[in-house]
């Protein structure tokens, strides 16, 4: 009998495959980070002003959250010890679920340890073989993977094209239809037309799953999210909408939740494998998030400051981008996409900013479509007016590189 004492032979292919990623500027690299003050970080030993964090309200380093985490650890310890349906559902986690449901004004909430696991779990719990799922072309990877895992028939409609979505819904013979969409699209920052999505789901008897990872805490009255901003809360919303949001962005901590009607949340509790078979999040995190919800609810000044920084950046870049092939998207949110195009040019822009002490990540395919590599500028209430002015000045310094790459008639 043949034996193979060494590593599997197919692993020999991996160095060449990694080299292929290098050749097309697609290999990802991690940075080692330590927080300093405000939006400033120590990145691989270098001080940087960061425009890459999803900590939109600047709460991740808030003393009230640190105090709540310490108090939670003293009360409950640091681990949950089991899955939620065995021994891991602490009093703190139960209280957080009640607080989350109240905050987003829906009947019931279910708390998960991670956003990615939430969507990859709840989608297969809702639809399966023989059912129809309708997905925006620019949805986040977790919704895409959840759709694939469900084995439902997937209908992918062009980004934001709700006429195309309606045609697909009208043509579908499936009894169970699920529409899934980001509320705020993570790489462009644009906001879905939630009212029209809801109306289409009512018209065609579909359920709407809305992923508000980048809107929760920032959009809507008192930061209650994109669904509340659209005026969809309470009983009417819960009959047709399943609302999902993450807690590691504007909330400043970690985890995620889904909220909806009593019966829908009970079904997900019974059928979501990523909830049933995963160790529950520790109670100290729930206590942290309860403190965060209070800060979000009282955080109108933070949101106003963030809105001012968004307006400052957008106004400041208008003259900078004139005559270049770089394009700033139309986002009104904290996610601002500066589309550059080629992978190598986006990487060069990122490195030029790093040399100036600014950390703005270059996002490349497959995260974004081919030919749309970009700088993803993430703004935060932790940024000052001077911080944003510094970024605008730095982009003005490096933008001529883009102009020089244009044909003469385009650069004129």
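Easy rule for this one: first residue shown is 1, then count along the chain.
A Cβ is built for glycine as well, from the same backbone N, Cα and C atoms used for every other residue.
These figures come from a predicted structure and were not determined experimentally.
When Cβ atoms from all protein chains are considered, those within 10 Å of residue 28 (substrate binding site) total 8, not counting its own. For 28, 140, 367, the entry in Swiss-Prot reads substrate binding site.
Of all Cβ atoms in the shown protein chains, 19 besides its own fall within 10 Å of the Cβ of residue 116 (pyridoxal 5'-phosphate binding site). The pyridoxal 5'-phosphate binding site feature in Swiss-Prot is assigned to 115, 116, 186, 214, 246; the stated evidence is sequence analysis.
Residue 249 (N6-(pyridoxal phosphate)lysine) falls within neither a helix nor a strand when secondary structure is assigned with DSSP, and so counts as coil. Counting only residues at least six positions away in the same chain, the Cβ atoms of 54, 55, 56, 213, 214, 216, 217 sit under 8 Å from the Cβ of residue 249 (N6-(pyridoxal phosphate)lysine). Per Swiss-Prot, N6-(pyridoxal phosphate)lysine is recorded for 249.
A distance of 18 Å separates the Cα atom of residue 28 (substrate binding site) from that of residue 186 (pyridoxal 5'-phosphate binding site). Every protein chain considered, the tally of other Cβ atoms within 10 Å of the Cβ of residue 214 (pyridoxal 5'-phosphate binding site) stands at 29.
Just so you know, the Cβ of residue 367 (substrate binding site) picks up 16 other Cβ atoms within 10 Å once every protein chain is counted.
Note: the CA-CA distance between residue 246 (pyridoxal 5'-phosphate binding site) and residue 367 (substrate binding site) rounds to 19 Å.
Spatially close to residue 140 (substrate binding site) yet at least six residues away along the chain are 119, 182, 186, 211, 213, judged by Cβ distances under 8 angstroms. Here residue 115 (pyridoxal 5'-phosphate binding site) comes close to 142, 213, 244, 246, 247, 248, 255, 256: these same-chain residues lie at least six apart in sequence, with C-beta atoms under 8 angstroms from its C-beta. In the three-state DSSP assignment, the secondary structure recorded for residue 116 (pyridoxal 5'-phosphate binding site) is helix.
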